[in-house]
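Okay, structure first, notes after.
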Amino acid sequence: MRSVSYVQRVALEFSGSLFPHAICLGDVDNDTLNELVVGDTSGKVSVYKNDDSRPWLTCSCQGMLTCVGVGDVCNKGKNLLVAVSAEGWFHLFDLTPAKVLDASGHHETLIGEEQRPVFKQHIPANTKVMLISDIDGDGCRELVVGYTDRVVRAFRWEELGEGPEHLTGQLVSLKKWMLEGQVDSLSVTLGPLGLPELMVSQPGCAYAILLCTWKKDTGSPPASEGPMDGSRETPAARDVVLHQTSGRIHNKNVSTHLTGNIKQGHGTESSGSGLFALCTLDGTLKLMEEMEEADKLLWSVQVDHQLFALEKLDVTGNGHEEVVACAWDGQTYIIDHNRTVVRFQVDENIRAFCAGLYACKEGRNSPCLVYVTFNQKIYVYWEVQLERMESTNLVKLLETKPEYHSLLQELGVDPDDLPVTRALLHQTLYHPD
């Protein structure tokens with residue numbers, strides 16, 4: 001296991017308190033460049049753009065925000081900012097600016113103004129984690145919410161009017177699932193049949209597949225305030241398929257996180273992937289592949305840190321996403337599909353973490369690691385890239401180049417004679433005279 005040091009960092013100002021899932025990266029203004037979204041317990045959403053230490057704009061919400069997200073939740077072809085509070089308030093913000101630009105090229109209509117939601121609705125309270133994704137394979141995105149009482153609910157936006165621009169619909173409830181353990185993560189991965197599958201983490205390095213068994217041709221009741229009763233939301237045990245990833249579990253109650261659809265190359269960008277990863281608070285990391293008969297364990301790693309967040313990020317640029325896990329003390333592990341481990345240390349305690357693409361510098365998205373600390377700062381490490389994950393040396397690199405062998409032959413040195421070639425390289429580098 002080798003250590004790396006990333007030095008390209010910007011510090012953002014953030015004075016609030018936040019829940020672990022109230023942070024995300026996404027394109028909130030639909031300009032193809034990602035922003036950083038952070039929601040706090042006072043109901044304020046801060047949107048950071050580029051390397052500016054202060055928020056580009058803020059949004060006002062009702063209640064303590066537990067999760068934020070960015071996506072085309074209304075299936076209108078553009079991203080919206082979604083913020084959900086513990087009290088059950090669901091907020092939608094349309095931050096796509098007007099087409100009028102000021103002299104500097106910025107969107108003058110948004111900067112400095114506190115944004116109000118374009119839509120607000122009450123859903124069941126005690127929200128914990130949120131996912132915006134197509135979970136049933138119909139090509140439309142759904143909203144999935146995990147709750148503190150071990151319940152997961154799926155919603156869909158239902159349009160009531162004809163206008164393509166204005167939001168004239170509401171969230172409707174699709175299904176409710178009841179889990180045995182606490183839900184800490186929601187994700188989607190590609191199932192054996194090529195269709196998306198909704199996954200939720202379960203304690204003890206376990207997970208469950210939630211079956212989407214609703215009928216698409218029937219209406220759904222609105223996600224109204226208060227309890228939502230009715231046959232369509234009756235939790236059914238047969239719609240929750242629990243998977244234990246290990247026969248020997250050290251702590252069956254340990255908190256578990258997961259991330260799915262881990263890319264295996266540029267060719268799988270659109271088709272998805274059946275790879276998924278899990279991590280636990282007691283330091284277990286696993287990469288698995290979902291198969292038709294039984295899940296396949298690709299590797300398992302045990303570390304001596306408490307892992308509280310799990311992400312995926314392509315740090316080598318080859319289309320293969322690495323698994324990124326963060327501990328409370330700032331220790332970050334980056335592991336590739338071959339179990340090669342690289343670690344990175346942030347010298348502060350961390351209360352929230354996310355990873356992804358962010359347009360910090362140079363007007364383009366780059367791989368970033370985002371850490372929320374306890375000292376009113378958010379650290380964004382940008383351009384987080386490695387030439388390769390595995391360790392190597394100069395001789396191995398030179399052996400891949402044809403001109404290296406021809407130069408050795410001109411000097412009368414056998415390329416297979418390692419002691420002689422190492423001595424020659426040492427003399428060339430350190431004693432050229």
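Using the three backbone atoms N, Cα and C, a Cβ is placed for every residue, glycine included.
Residues 12, 55-71, 78-79, 81, 83, 85, 93, 95-97, 107, 110, 128-130, 308-309, 351-359, 363-365, 368, 370, 372, 378, 380 of the same chain lie 6 or more positions beyond the ends of the repeat 'FG-GAP 1' (19-48) yet place their CB under 8 Å from a CB of it. Per Swiss-Prot, repeat 'FG-GAP 1' is recorded for 19-48.
Residues or ranges marked as phosphoserine by Swiss-Prot: Ser104 (among others).
Listed as Cβ neighbours of the repeat 'FG-GAP 2' (126-155) (distance under 8 Å, sequence separation of 6 or more from its ends, same chain) are residues 19, 21, 66-73, 75, 82, 84-86, 88, 171-188, 195-198, 200, 210, 212, 214, 216, 223, 233, 235. The repeat 'FG-GAP 2' annotation in Swiss-Prot covers 126-155.
Taken from Swiss-Prot, the feature phosphoserine covers Ser220 (among others).
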Quiz item: the repeat 'FG-GAP 1' (19-48): mean pLDDT?
Solution: 97
